[in-house]
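K.L.:
I have a structure I would like to understand better, so I am pasting it below and will then ask my questions one at a time.
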């Protein structure tokens, strides 16, 4: 029989076995979550001509989908904590399929916003976060490798979806393509089915904790009386504690977190618009449909290589201590690529731009969450991700439509790329300067902390001397009381107020 200490212990991550099947399921789910909104850009010009809409109106489709995918992250986390990863991902895959199949029958751009933007976007959100969480339960020592393989699903899916979407459009039109894509997205349900719970140990421990909590609650009710006596302030406190279980709002007092949040919110204003408008821009310059779609494939192939390479470089002993500077450089480099894009007047120039864009995009994505964990630590990382995604979804939502408005206003794509490049260079510069300030402040605080650790002996000696003096005065107080009374009497006689 197992020892009592081991009986209720949760088994550790297996670091292999069925975990590799889980990695494959996460590869599919994460790949669709990140790549699908970008791959839809192939249909935008034709949908725009069909409904007679402007560039800004059609850009809202991808924008709403991306914002919903990011903004619904905390909801996804709550559902995973309540029901587990498997049912959440399977339900998300079902939502994705229903959303795209419904979009095939839309008769207005507003209906596309609802079906593609909100329904499919929410389904993708239910695929993204559970896939990242389940890998952490199956892997510990090999977790970096498992995460790297799972995150590679994004460029692989984008590389596949770009030519596939163009092929589907040429043979079935955009409505038929949406039907087929809806059926393809139902494979997320199959991927979710691979997310087998780690074992019965977790459920047993959870049940035991729940029962202990119920018993403690019953005892408290018996001792303190009915729950009706609880004040409104206590009720509000309990509500805040429940919310704080999922989102740690004390992070807004964290200097490094605030710097990261402001820089990333600014960055996302120009992060996704160039991808959304890359294929339409190529078509606008006279490039054929398949060649325009191939630009996204080139971007995805370079991105596929850039992510693990950036991870290796960022993990080196030269870069790791100052990874925030490397992240700031990657954002500024991304912006510089967009600023130079208008110079690419030929298809060869667009290939060069797509290659450098894929490199810069992969660098930023590879360090996006690593830099956040470097700032706040692993314990507060889950709450930090939830708060960051909520804030970022606003600029993700506005970025592509603002780019579309610029295209409608000037009738040219180059001003949209210039805007995105300028915003990202500004974000990279801001992060570089503020991270330099943060590193200086951290070094100063560390120096002060070490100085306090070296001095406590002298400080302790002084405090002990004061305590001993106070202690002696307290102990001698009753013996000196007659002298004090005699002294007070003399003072009263001198003032003429002595009462005899």
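Positions of Cβ are set from backbone N, Cα and C atoms, glycine also.
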K.L.:
Could you check which of 326-345, 446-465, 466-485 is flagged in TrEMBL as transmembrane segment?
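P.N.:
In TrEMBL, residues 326-345 carry the label transmembrane segment.
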K.L.:
What else in the chain is close to the transmembrane segment (326-345), if you only count residues 6 or more beyond its ends and a Cβ gap under 8 Å?
P.N.:
263, 267, 270-271, 274, 285, 310, 313-314, 319, 352-353, 356-357, 360-361, 363-364, 367-368, 371, 414, 417-418, 420-429, 431-432, 435
K.L.:
Report yes or no: does the transmembrane segment (91-124) come within contact of the transmembrane segment (176-195), defined as 3 or more CB pairs under 8 Å with a sequence separation of 6 or more?
P.N.:
yes
K.L.:
Based on Cβ pairs under 8 Å, which of the stretches 58-79, 145-164, 176-195, 290-306 lies most in contact with the transmembrane segment (257-278)?
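P.N.:
Ranking 58-79, 145-164, 176-195, 290-306 by Cβ pairs under 8 Å to the transmembrane segment (257-278) puts 58-79 first.
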K.L.:
Could you please provide the mean pLDDT value for the domain 'Major facilitator superfamily (MFS) profile' (19-439)?
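P.N.:
Summarising the domain 'Major facilitator superfamily (MFS) profile' (19-439) by its mean pLDDT gives 81.
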K.L.:
Same-chain Cβ contacts of the transmembrane segment (290-306) under 8 Å, 6 or more residues past its ends?
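P.N.:
The answer is 35, 38-39, 41-42, 152, 154-156, 158-159, 162-163, 165-166, 275, 278-280, 282-283, 347, 350-351, 354-355, 357-359, 361-363, 365-366.
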K.L.:
So, taking each listed stretch (18-37, 58-79, 413-437) in turn and counting its Cβ pairs to the transmembrane segment (176-195) that are under 8 angstroms, which one gives the highest count?
P.N.:
18-37
